[in-house]
């Protein structure tokens with residue numbers, strides 16, 4: 001998944017950008033995931049609010065905006081800034097850790113270790129490539145490209161290449177491009193492809209060739225340019241749309257391809273389509289109805305709370321039907 005969220009271009013873009021910056025600090029520096037989730041949820045809710053927010057009290061009426069976040073909104077609206085963020089930006093260690101985590105492959109712990117060794121900038125990283133693993137070196141190599149959002153038009157062209165090449169190999173393959181793209185987003189951070197085939201189920205033996213054949217085909221047509229990692233069920237790499245001429249090359253983009261057993265495919269499609277908050281709400285509703293859902297299965301809960309056998313699923317609609325929830329099109333899941 002993409003490391004960066006799109007800058008907000010909504011009525012309340014200043015507020016949502018502030019909350020996203022706070023969220024990233026809590027995740028990357030403080031490693032306080034509960035605060036990260038709280039800021040992200042508030043940012044997501046405010047981004048969809050159809051009016052310009054004039055006070056923290058107004059924001060607090062929205063689900064997911066508590067007293068502390070409302071106070072920060074009041075301060076931001078009154079002064080145009082936030083003291084906490086100013087302090088974070090002025091703290092060399094915090095800002096360096098936050099920056100390094102934007103490099104694909106560098107997580108918060110690795111970033112802190114690098115900063116402790118005095119490595120704080122892209123230039124520092126380039127001088128110390130021997131300290132980086134293969135994944136991180138590729139992240140550094142394409143840093144500027146990976147920072148750019150992928151316009152929907154480009155994603156549609158990328159999708160055409162992937163789906164056409166997959167069907168050429170074997171019409172029985174099923175592939176879906178998930179993430180915010182499937183929810184109709186105007187731009188994406190990366191490309192997340194789910195893949196399945198009738199020959200691969202949760203009961204059968206592993207079928208890594210089903211994934212590797214697709215990767216090799218996409219390399220053959222020069223769509224996949226680099227490999228970050230290639231396992232039995234997941235490929236992580238880099239892709240690039242072919243261009244008409246060398247002068248107007250498309251940026252390199254991150255791509256993940258996951259091979260999922262056919263009987264678990266639609267639970268996977270639902271999960272990887274998101275959004276995170278929509279998934280949490282759906283899981284909570286499922287529990288109320290006596291089911292447990294994850295990225296693999298939906299299972300009924302017995303009276304003791306122990307999950308039973310996975311239920312058969314042949315579409316996303318089946319999952320909604322089991323938990324008696326109105327079906328929501330992917331475009332209506334961006335909570």
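Positions of Cβ are set from backbone N, Cα and C atoms, glycine also.
Annotation comment: Swiss-Prot describes 41, 61, 81 as ubiquitin cross-link, evidence class similarity to another entry. What Swiss-Prot lists as Na(+) 1 binding site is 60, 62, 65. Summarising the annotation, Swiss-Prot assigns K(+) 1 binding site to 60, 62, 65 and lists similarity to another entry as the type of evidence. Per Swiss-Prot, N6-acetyllysine is recorded for 72. Here Swiss-Prot flags 72 as active site, nucleophile. Positions annotated as omega-N-methylarginine by Swiss-Prot: 83, 152. Annotated Na(+) 2 binding site per Swiss-Prot: 101, 103, 106, in sequence order, evidence recorded as similarity to another entry. The 2'-deoxyribonucleoside 5'-triphosphate binding site annotation in Swiss-Prot covers 149, 180, 183, 189, 190 and is backed by similarity to another entry. What Swiss-Prot lists as Mg(2+) 1 binding site is 190, 192, and the listing cites similarity to another entry. Positions annotated as Mg(2+) 2 binding site by Swiss-Prot, on the basis of similarity to another entry: 190, 192, 256.
Everything Swiss-Prot records as a feature, shown here on the structure.
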residue	record	Cβ contacts under 8 Å, 6 or more apart
41	ubiquitin cross-link	64, 277
60	Na(+) 1 binding site	66, 67, 69, 70
62	Na(+) 1 binding site	42, 45, 46, 49
72	N6-acetyllysine	18, 19, 22, 56, 82, 84
83	omega-N-methylarginine	75
106	Na(+) 2 binding site	100, 114, 136, 139
Fewest other C-beta atoms within 10 angstroms, as judged across 101, 180, which are the binding-site residues: 101
Of the binding-site residues listed as 65, 101, 189, 256, the one whose CA lies nearest the CA of residue 152 (omega-N-methylarginine): 189
Maximum Cα-Cα separation in Å among residues 149, 180, 183, 189, 190, which the record lists as binding 2'-deoxyribonucleoside 5'-triphosphate: 16
DSSP-derived structure type at the residue listed as 'N6-acetyllysine', helix or strand or else coil: helix
Residue with minimal Cβ packing [other Cβ atoms within 10 Å] among the recorded positions 149, 152, 183: 152
Recorded sites: 61, 81 - member with fewest neighbouring CB atoms within 10 Å: 61
Residue 61 (ubiquitin cross-link) to residue 183 (2'-deoxyribonucleoside 5'-triphosphate binding site) - Cα separation in whole Å: 26
Residue 256 (Mg(2+) 2 binding site), number of other Cβ atoms within 10 Å: 19
Same chain, 6+ residues apart, C-beta under 8 Å of the C-beta of residue 103 (Na(+) 2 binding site), given in sequence order: 122, 125, 136, 139, 140, 143
60, 62, 65 excluded, remaining Cβ within 8 Å of their centroid (K(+) 1): 42, 45, 46, 56, 58, 59, 61, 63, 64, 66, 69, 70
81, 149, 183, 190, 192 screened against residue 65 (Na(+) 1 binding site), Cα within 10 Å - retained recorded positions: none
